[in-house]
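Q: Below is one structure. I have some questions about it.
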Amino acid sequence: MNPDLRRERAAATFNPELITHLLDGSPEKTRRRREIENKILSDPDFQHENHNFLTRSERYEAAIKKSAVMVKKMREFGIADPDEIMWFKRLLLGNFVEPVGLNYSMFIPTLLNQGTTAQQEKWLHPSTGLQIIGTYAQTEMGHGTHLRGLETTATYDPKTQEFIINSPTVTSIKWWPGGLGKTSNHAIVLAQLITQGKCYGLHAFIVPIREIGTHKPLPGITVGDIGPKFGYEEMDNGYLKMDNYRIPRENMLMKYAQVKPDGTYVKPVSNKLTYGTMVFVRSFLVGAAAQSLSKACTIAIRYSAVRHQSEIKPGEPEPQVLDFQTQQYKLFPILATAYAFQFVGSYMKDTYHRINESIGQGDLSELPELHALTAGLKAFTTWTANAGIEECRLACGGHGYSHCSGIPNIYVTFTPACTFEGENTVMMLQTARFLMKVYDQVQSGKLVHGLVSYLNDLPSQRIQPQQVAVWPTVVDINNPDSLTEIYKLRAARLIDIAAKSLQGEMSHRKSKEVAWNLTSVGLVRATDAHCHYVVVKLFADKLLKIQDKTIQAVLRNLFLLYSLYGISQKAGDFLQGNIMTGSQITQVNQRVLELLAVIRPNAVALVDAFDYKDITLGSVLGRYDGNVYENLFEWAKKSPLNKTEVHESYHKYLKPLQSKL
């Protein structure tokens, strides 16, 4: 054990194990997670080769092999609970992805959400056992987030009771679905449904794309891999072109919308029900943002405690990099954000399951807010985490650029989350549309509920910019309730401004669509403020539920740092709205610096509480034992370029050149 890390852990004011239990949900869940992890670590069937030194084809093959072993072992270990599957995969995959992943994260959930009982009986068992390997083919070359623009068609033929699937243009080719290139034999295809001469919009169809047994593409199907990408080297993101490809009527997922044998269309209760899979994935992306950010943070903070550099006073020993205030200012707000997103991720998961149960019983009342909340928080958390991961890499100095740090792999694996499952700016605008509807409801005298209920205060003059006197003159910057309140005021003010800008443009005889585009920057700002408020509120709510006073105090400091750092970064909003004064902002900035010093003794223990195994981090710099330099040298020796003392290119090109000089 590195002596610096040993000292850091001994100096902590709390037991990290207690926070680990909090993050997992209970001591029993922590015990079970570790039991699963230990089974994997002690199993010789799991060969943990270093993906960094493999070619793309080798990485894909290694990932397929790992997936096959994983399915077999999950059966053997009796792992079926969703949380346990997540723990299993988190350890096994580390910072990489699996080609069969969409079978479990998209294909099966869509089948469960949108398939009839008969359809589930037919396809669910084969897909859980990987006889059917499914993917989710929505995005096309020409359209992604704009679903109404998708061009793939499914035209019903009542004579044969079949749908004819077509990719009518080059831009209609399905493009990007994971596992499509080489792995999947079925896809849930989103296509424009045409029956009795009328288009009824997007619907989901189960489309066989490869022959079971030979795995060859079926006639009428053109399918392949789209080539190298920024990351995701193990994943065969693919393309799919369908030419007059026929599937049985029963292959349309018909839990909500239906097409009768004669071609009659039966519409669903709500069109939003068909977006269930996207809402499901977006709700879980918040947790994924927390996980990726907390991994990067763990690596950067541990390495900053091990690394000694420069001098604070001439002639004195080089201090730990973590002792520099600038390093703390880079990393501790990210640490606080990682914790905030952990709690929001848990809330989103629980909320999704609760509302999904209500939907199953026919109650759709909370669906609009769930749709808006998942869209906005997906964008807010993934953007923030993406920037935070890169900040962690930079905080590791030059070594952060090496794959040995683990952070480049975390970054390139996470960064697509900013554009998949809905491009983030478009997601913010979807939430803004909901906020504008709620704003109009409040203006017409209706009471609204849920996380937007603070907008009920809008009609009172309390949040109008000109009514300065009614704003709180004292903001207690050490009080979670007070901080939550000022984030609420900021959100309400920016929503009010955005709504009035929109109304102003429309009053100039512009159509709502043109007015929307002309005010969209303000609408995104309003959504960002709403999401920021939601995160602050949910973090504050979590503090109240923590029984252990020591743990509550430690996490309260992180809450204060998260909230106050956010105010310092968005000071203009709080000043312009007369929510805070200039002197209060100065106090906030000073308090942020004080909190860095308060959190410093607990920094390593706080990342230890995430309880990541070294294999999950995939980092030489972030090792639990802190023995960085010895392992850095050993890692470099494994580079394939070091297999020979003299590379063959020397004899081919350099030596002949040198001999002629």
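Heads up, the Cβ atoms here are built off N, Cα and C, so glycines get one too.
As listed in Swiss-Prot for this protein:
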- GLU421: active site, proton acceptor (ACT_SITE)
- THR139, GLY178: FAD binding site (BINDING)
- SER26: phosphoserine (MOD_RES)
- LYS65: N6-acetyllysine (MOD_RES)
- LYS89: N6-succinyllysine (MOD_RES)
- LYS159: N6-succinyllysine (MOD_RES)
- LYS216: N6-acetyllysine (MOD_RES)
- LYS241: N6-succinyllysine (MOD_RES)
- LYS255: N6-acetyllysine (MOD_RES)
- LYS267: N6-acetyllysine (MOD_RES)
- LYS272: N6-acetyllysine (MOD_RES)
- LYS349: N6-succinyllysine (MOD_RES)
- LYS437: N6-acetyllysine (MOD_RES)
- LYS437: N6-succinyllysine (MOD_RES)
- LYS446: N6-acetyllysine (MOD_RES)
- LYS446: N6-succinyllysine (MOD_RES)
- LYS500: N6-acetyllysine (MOD_RES)
- LYS512: N6-acetyllysine (MOD_RES)
- LYS512: N6-succinyllysine (MOD_RES)
- LYS542: N6-succinyllysine (MOD_RES)
- LYS637: N6-acetyllysine (MOD_RES)
- LYS637: N6-succinyllysine (MOD_RES)
- LYS643: N6-succinyllysine (MOD_RES)
- SER649: phosphoserine (MOD_RES)
- LYS652: N6-acetyllysine (MOD_RES)
- LYS655: N6-succinyllysine (MOD_RES)
Q: Checking the recorded positions LYS65, THR139, LYS267, LYS637, LYS652, LYS655, which are within 10 Å of LYS446 (N6-acetyllysine) at the Cα level?
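A: For LYS446 (N6-acetyllysine), the recorded positions whose Cα atoms are within 10 Å come to none.
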Q: Could you tell me the C-alpha distance between GLY178 (FAD binding site) and LYS542 (N6-succinyllysine) in angstrom, no decimals?
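A: Their Cα atoms are separated by 35 Å.
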Q: If you count other C-beta atoms within 10 angstroms, which of the modified residues LYS89, LYS446, LYS655 is the most crowded?
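A: Top count of Cβ atoms within 10 Å goes to LYS89.
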Q: Between the Cα atoms of LYS437 (N6-acetyllysine) and LYS500 (N6-acetyllysine), what distance do you get, rounded to the nearest Å?
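A: Per the Cα atoms, LYS437 (N6-acetyllysine) and LYS500 (N6-acetyllysine) stand 13 Å apart.
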Q: May I ask for the distance between GLU421 (active site, proton acceptor) and LYS159 (N6-succinyllysine), taken between their Cα atoms and rounded to an integer number of Å?
A: 37
Q: For LYS637 (N6-acetyllysine) and LYS643 (N6-succinyllysine), determine the Cα separation and express it in whole Å.
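A: A Cα-Cα distance of 9 Å.
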Q: Are there residues of the same chain, six or more positions away from LYS512 (N6-acetyllysine), whose CB falls under 8 angstroms from its CB, and which are they?
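A: In sequence order, MET506 meet the Cβ cut-off.
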Q: List the modified residues among LYS65, LYS89, LYS241, LYS255, LYS267, LYS655 whose C-alpha is within 10 Å of the C-alpha of SER649 (phosphoserine), in sequence order, or say none.
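A: Final answer, ordered: LYS655.
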Q: Out of LYS159, LYS349, LYS655, point to the one nearest LYS89 (N6-succinyllysine) in space (Cα versus Cα); all of them are modified residues in the record.
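A: Going through LYS159, LYS349, LYS655 one by one, the closest to LYS89 (N6-succinyllysine) is LYS349.
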Q: Determine, from DSSP, whether LYS65 (N6-acetyllysine) sits in helix, strand or coil.
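A: Helix, per DSSP.
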Q: May I ask for the distance between LYS216 (N6-acetyllysine) and LYS159 (N6-succinyllysine), taken between their Cα atoms and rounded to an integer number of Å?
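A: Cα-Cα, rounded: 29 Å.
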Q: Any idea which of the modified residues LYS159, LYS216, LYS255, LYS652 has the thinnest Cβ neighbourhood at 10 Å?
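A: Selected from the modified residues LYS159, LYS216, LYS255, LYS652 on minimum Cβ neighbours within 10 Å: LYS159.
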Q: What does DSSP call GLY178 (FAD binding site) in the simple three-state scheme?
A: coil
